[in-house]
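Notes follow once the structure below has been shown.
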Ligand code: ADP
Ligand code: ASP
Ligand code: MG
């Protein structure tokens, strides 16, 4: 059996941790499995690399930023290969390019198009433990690319799909909880979660899994095990809905702190002006999430939208551009907000969830800025300072 293991940043933060992982991988190999290991950059190394570039300029060139960020994972693969070899195991480290991971899209936000599994298959046949740098690939121009933050999960699932392998993701929590256990200590660990619910939680901000990894898992039928301790098997399996026996109304809550809200007041109410705003946002690469508009009948109206806080530079360019086109508008960026979302397949067939959410907010005098819904989720934009209170209240109300 081929097994893909993936170790995130905190799991490989020190050389001691890398040695522990090497010992464990050796045991798995000795049990007769073929082993592929995907690793992230050590600890917060990716953040440190981005900060270095930002010491030079606020808006670093994205092709070169990809080159820079990809070095984080390359350090880890080499160290893990050194550790395995020092223990007497035959191991080889591969960059994303060497592992045949082909990507397309924009630098820093690439998607995996295909994985050429020939080389890895040959190396496995030679009995080697294959160590692959996560988060990176190569585009059609031969440039190094990265897959968006948290993208090593995606590398692991893509490799598991390409090699028909089992996929095990090891991180600093022992499974997927109904809500981030750092925010709500009484959160429950889920033995199983459906692809759709995990995808929705991840897209809405639950940082434990990269959403595109879950999407790939669903597309190629790769079950994803998420856990912590080496050797223990009490984590969470992300799998098809039919396997998830316990049908709860709400499966989980995600909290997305990477949220900024832009209020624009005093816009003359013509559709053309709304187009100016969103066209400029799109050109500058601002990823718009929620949109709301007020007073559409008045001569001037106001609107608001949310986007990732990390799109800040692009957002500032957008604001400058739209102020030039519409000099009388009053835009304001609010970075002190979070998005909190309830997710559950049970929402499809049950009504009254929204009213329970608003009752809780009303009873506790909590204000919100925006609301949006999908078939299986409700999201609210609230003030950052209310984050924990709302998370606990909603967790208790829906017994998650
Ligand atoms: P890695 O570096 O291993 O990829 P991440 O930091 O990306 O790890 O993801 C693990 C973190 O995700 C945990 O430390 C936890 O705080 C956070 N997290 C957010 N939501 C959840 C959730 N629903 N269940 C478990 N962990 C969660
Ligand atoms: N090192 C990358 C990041 O920090 C990719 C990953 O950890 O998955 O985003
Ligand atoms: Mg991660």
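In case you wondered, yes, glycine gets a Cβ from its N, Cα and C as well.
Annotated in TrEMBL:
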type: BINDING; residues: 6, 7, 8, 9, 171, 172, 177, 182; note: ATP binding site
type: BINDING; residues: 46, 73; note: substrate binding site
type: DOMAIN; residues: 342-400; note: domain 'ACT'
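Of the listed binding-site residues 7, 177, the Cβ environment within 10 Å is emptiest of other Cβ atoms at 177.
With respect to their backbone Cα atoms, residue 172 (ATP binding site) and residue 46 (substrate binding site) stand 17 Å from each other. Counting only same-chain residues six or more apart in sequence, the Cβ atoms lying under 8 angstroms from the Cβ of residue 9 (ATP binding site) belong to 40, 41, 42, 43, 44, 45, 46. Residues near residue 6 (ATP binding site) in space but far in sequence (CB under 8 A, at least 6 apart, same chain), listed by position: 37, 38, 39, 40, 134, 152, 153, 155, 156, 167, 168, 169, 170. Long-range Cβ proximity for residue 8 (ATP binding site), meaning a same-chain Cβ under 8 A and a gap of 6 or more residues, is found for 40, 152, 153, 169, 170, 171, 172.
Separating the Cα atoms of residue 73 (substrate binding site) and residue 7 (ATP binding site) is a whole-number distance of 11 Å. Shown are the binding-site residues 46, 73, 171, 172, 182; the one with the most C-beta atoms within 10 angstroms of its own C-beta is 73. Using DSSP to sort the residues of the domain 'ACT' (342-400) gives these counts of helix, strand and coil: 29 helix, 16 strand, 14 coil. Proximity to ligand 1 (Cβ under 6 Å from any of its atoms) holds for these binding-site residues out of 6, 7, 46, 73, 177: 177. Proximity of the binding-site residues (6, 9, 73, 182) to ligand 3: a Cβ under 6 Å from the molecule is found for none of them. Checked against ligand 2, the binding-site residues 6, 9, 46 give 9, 46 as the ones with a Cβ under 6 Å from it, listed in sequence order.
Residue 46 (substrate binding site) carries a helical DSSP state (H, G or I). DSSP classifies residue 182 (ATP binding site) as coil under the three-state reduction.
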